[in-house]
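Chemist: For reference, the structure I am asking about is given below.
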Amino acid sequence: MASPLPLLYLCLAALHLAGARDATPTEEHTSTARGLQGRPPDTGQPSPALEDWEEASEWTSWFNVDHPGGDGDFESLAAIRFYYGPARVCPRPLALEARTTDWALPAAMGERVHANPERGFWCLNREQPRGRRCSNYHVRFRCPLEAAWGAWGAWGLCSKSCGLGRRLRRRSCQSSSGDTCPGSPQEAQKCVRSRCPGCSSDTCGCPNHILLGSVVTPSGRPLSGARVSLRTRPGTIATSGTHGTFQVPGVCAGSKASVSAQMNGFSAGTAQAHANSSNTATVTIILEELGKPYLVKHPESRVREAGQNVTFCCKASGTPMPKKYSWFHNGTLLDRRQQGSGPHLELQGLHQAQAGEYHCKAWNEAGTVRSRAALLTILAPGQQACDPRPQEHLIKLPDDCGQPGGGPTYLDVGLCADTRCPGPVGSGPRCGDAGSRCCSVLRLESRDIRCSGYVLPVKVVAECGCRKCLPRRGLVRGRVVAADSGEPLRFARILLGRAPIGFTSYQGDFTIEVPPATERLVVTFVDPSGDFVDSVRVLPFDPRGAGVYHEIRALRKAAAVLLDAERGGEIPLGSTEEAPALGELVLPPGTFHHPDGRPYTGPVEARVTFVDPRDLASASAASSDLRFLDSAGELAPLRTYGMFAVDLRAPGSTEQLHVARADVHVDADHVRMPGHAEALALWSLDPETGLWEEEGSEQGSGGFRRETAAARVRREERAFLVGALTMRERRLFNLDVPERRRCFVKVRAYGTDRFAPAEQVQGVVVTLLNLEPAPGFTANPRAWGRFDSAVTGPNGACVPAFCDAEKPDAYTAFVTAALGGEELEAAPSRPRATAAVVGVAQPYLERLGYQRTDHDDPALKRTGFRLNLARPRAGHESEAHGPVYPWRRLRDCEDAPVTDSHFRFSRVEADKYEYDVVPFHEGAPASWTGDLLAWWPNPQEFRACFLKVRLQGPQEYMVRSHNAGGTHEATRGRLYGLRDTRSVRHPERPGASAACVEFKCGGMLFDQRQVDRTLVTVTPQGSCRRVAVNTLLQDYLARHPPLAAADDPAAFAMLAPLDALGHNYGVYTVTDQSPRLAKEIAIGRCFDGSSDGFSREMKADAGTAVTFQCREPPARPSLFQRLLENPSSALGDIRREMGQATRYSRVNQTQAGDTGPFGPGQ
């Protein structure tokens, strides 16, 4: 039976929409000629997305939650927050803009609509002119960037019933970006009541009165052993008992005494007693468990001119909330007397000596945490932050534009440096740079490239300068599937930290927009059916704004074991047919209780799910990234001996049971590495931070002790390591050892196996799995010890790993890379790894022992490699420049030039070519340039369109789409770009293949003034003719004129549809905030031939738009046969071919010294 939870949320969403429908026109502002509420747009001007607002604000992406139905079109803000998540729209939007799906304003449609930034947008059919119905609208909101205080609240009650006291009032910080507001959130004021009598209850007491109290956790669990005190009586006056209760005689019932409680491992709590009768008062004190601080906002890098001001901001959370901060400059602690100890660091009148790295540390009772470093760049007078001369950026030209007989030809189109510029007037006392500017394109120049039979237009960067930055939004998409069966996890709840942000789809898909200033993206997926363990993941993302795709594998819960609460039981950890159990979980009798502390007696269903590191495949289902906060507040890695999740419930109940104390026994034979038996500890995962916390560390009981078999009265003669833990909430436990021998491994991804620097690919997720030491070393019988992931940027990725300097093969690793659903291939190592191919200099390559997965067996996949993690040795020049870097040289690893040693991956899909007249780096959305010929007209929303072409023929064929302006006056007939794709064979039909060809979507161009239906011409590059066109697609094109000329039977031409048609038409459209993710998802649907599926296996007969019949050209007779049949003709052909070869050779020699604007292939 399906869980009712998803149905409940769908009902809530329906109520949101119903609430919008019930709204009347008189409730809110009504507009018949405006699509923007809060600031009316000028229809003759560009969209407000490109205007400079006086307020520090930005537009959200577009939303469309409703389609025109019986009553009209309703885009309520409540429904948008439900479907897209509350983080997608700020609490108080400044403005709202609405447009139809054809990008028309309501005024242009002549429709009466209602818009309010606080409620949303709606259009009612009954209010429209006769014969008209509401169009399908989508909306976006304008949200403030800068944090600001709200209005003060009302004054509270006086703290004293007599005499002198004080009262408080509070205000809240309103910020959509998570920034903090300067100043205090509360204000105090003195208040005077009537004079107190001479003898007060505080001094005289009430002998016949009694105070009854209890000490509990926020969930209601009683706490025993808490020390209780009164503010007027120093020292401990009582201690809470077994059920968390205590009694204090002599406290007057009406005194409203302030009672405090303290307990090891918990923050202090205070509460006020209230009279329960004439002589009895009661109080409940809530103690929160101490939580180490963690950063929710890190200081950000800034650029300033000498003499300007700058503000760095740091914000930490924890239990209790950290209030003490320390600031460091280049590792040196700044004077607190001058800079203070708050979360803001303000520097005024900057000079060159203040440039460098800044970081903060936050403290509370549980520990400390260190932020990442922010770089402050101070420009000298006259120094430019943005070089007006563009950097080199090579793009590959089509094959028929290259030199005869040469390799691929590249053209330098220029690229502006990815740097920040100082604001026009510096920075005030606020966290964010509201008017931040970046180095961007100021001017483009048009060039013409002569190719074989045609001229190729291109626009190159001519000048760079400082302009307003485009908003950068990290985006993570992916899919959650079962680790054992691959079935999607449908409607799983998604938590960002502890806050719910949405659900997975029916196919298990999800999309998460990374909040600003996020360092670690911690996401939890909760299965509504309860069949899977909660999956807590730290998802790598690209802070530059490129989208990243992840596949999450959820671990199915183990079968239930029935126990008796009064007898307890033992459950093995990791027992399989191939390997004995690593240990066991011992649940003592009489220790089970309800979450509120009530003892539980009766049967218990226990599910203990173990992630066994002896199984290499289990790494993909492991939670978190195995990190913890060390004593210095820095992230440090752990090495696992296994993870386990415990689920204890009464049969048929949904309430989870707790255990006051459980023991974990680990077989000592599995812990062989020196020092690990002493360092092994029990850890639990905090789902809010994704960090592991040592169990019992505050009492010093988190480690293991050694017990012999005799002491444990066991039959087998074995030694065990015994540790203890308390089971509460829904936590994952871990058997780990901290590891200090750490390094970074440099990895780059390329578009092809030529490994050209200009073809580096960003957004690739590189995963490194630390394996056990080689045979001959003191190793544990396990397959992996930890894992780590990183996302490639413009300069590759640096992945953390364990390493050893003395023994090269003491640590080994297995490395893979993936982009979306595609696995990349590693550089080959057969028959012998060479430096030129692998990318690592000798003799370091020999010491690393690089081997691709198919090194010993060519039949295996090529998607990974193994290596020895040999730490570079001092004094060895070949090891000083990668690919392995010591832990303290992370900056050297990140900034290493492409000529330094690194490991390489390349995309398998090499039979694909893309050309844009206005160059755009899809992995760096900030490189977008506003131009009418831009392939992507909107930098905040990328729409990818694909056409599925079926080809009947004996081989695979290249298919080209030529995309030019169709209906727009300024671009009609002008080229947008080219796309070449090789068809993929149907796995079961050798005579059929299909190609998913990208074309430029129809819609608004950069100026947002007029729609253009792109003229798309699809041509297979072979002897092919068009034999069929999808009937629905032909019907649609006929009903939406004008029609494109279709005279050429060897091609298919159309004016791109404005609607997202779907698989029934053979057209696949996906809109996303990342161009790469939009294309990856659209290609997966195109391969599958469905509008909601995803496949990497081509289904050539499903969901096609047009079909071509191709045939092989007649084979040319051999030279011997031609000489026999027609000697004179054959000799003439040979002379002509030799003459052409001679001319090509002379041309190459002439152009060898001067290549003009063309760069050589690399």
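Backbone N, Cα and C define each Cβ position, glycine as well.
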Chemist: Pick from CYS123, CYS191, CYS196, CYS199: which cysteine does Swiss-Prot list as forming a disulfide with CYS158?
Modeler: CYS191
Chemist: According to Swiss-Prot, which residue out of ASN276, ASN330 bears the annotation N-linked glycosylation site?
Modeler: ASN330
Chemist: Can you give me the Cα-Cα distance between CYS158 (disulfide bond) and CYS173 (disulfide bond) in Å, rounded to a whole number?
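Modeler: If we compare the Cα positions of CYS158 (disulfide bond) and CYS173 (disulfide bond), the gap is 24 Å.
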Chemist: Distance between CYS191 (disulfide bond) and CYS314 (disulfide bond) at the Cα atoms, whole Å?
Modeler: 35
Chemist: I want to verify one value. Collapsing DSSP to three states, which class is CYS162 (disulfide bond)?
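Modeler: The residue in question, CYS162 (disulfide bond), is coil (DSSP, three-state).
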Chemist: Between C-alpha atoms, which of these recorded positions comes nearest to CYS181 (disulfide bond): CYS162, CYS314, ASN330, CYS360?
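Modeler: It is CYS314, whose Cα lies nearest.
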Chemist: In this predicted model, what is the average pLDDT of the domain 'Ig-like C2-type' (293-377)?
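Modeler: Residues in the domain 'Ig-like C2-type' (293-377) carry a mean pLDDT of 88 in this prediction.
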Chemist: Just to verify a number: CA distance, CYS173 (disulfide bond) to CYS162 (disulfide bond), in angstrom, no decimals.
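Modeler: About 33 Å separate the Cα atoms of these two residues.
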Chemist: Distance between CYS360 (disulfide bond) and CYS162 (disulfide bond) at the Cα atoms, whole Å?
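Modeler: Just about 44 Å between their Cα atoms.
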Chemist: With DSSP as the yardstick, break the domain 'Ig-like C2-type' (293-377) down into helix, strand and coil residue counts.
Modeler: 7 helix, 47 strand, 31 coil
Chemist: For ASN330 (N-linked glycosylation site) and CYS314 (disulfide bond), determine the Cα separation and express it in whole Å.
Modeler: 16
Chemist: Other Cβ atoms within 10 Å is the metric here; tell me which of the disulfide-bonded residues CYS173, CYS181 scores highest.
Modeler: CYS181
Chemist: For the disulfide-bonded residues CYS162, CYS314, which one has the sparsest Cβ surroundings, going by other Cβ atoms within 10 Å?
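Modeler: With the disulfide-bonded residues CYS162, CYS314, fewest surrounding Cβ atoms within 10 Å: CYS162.
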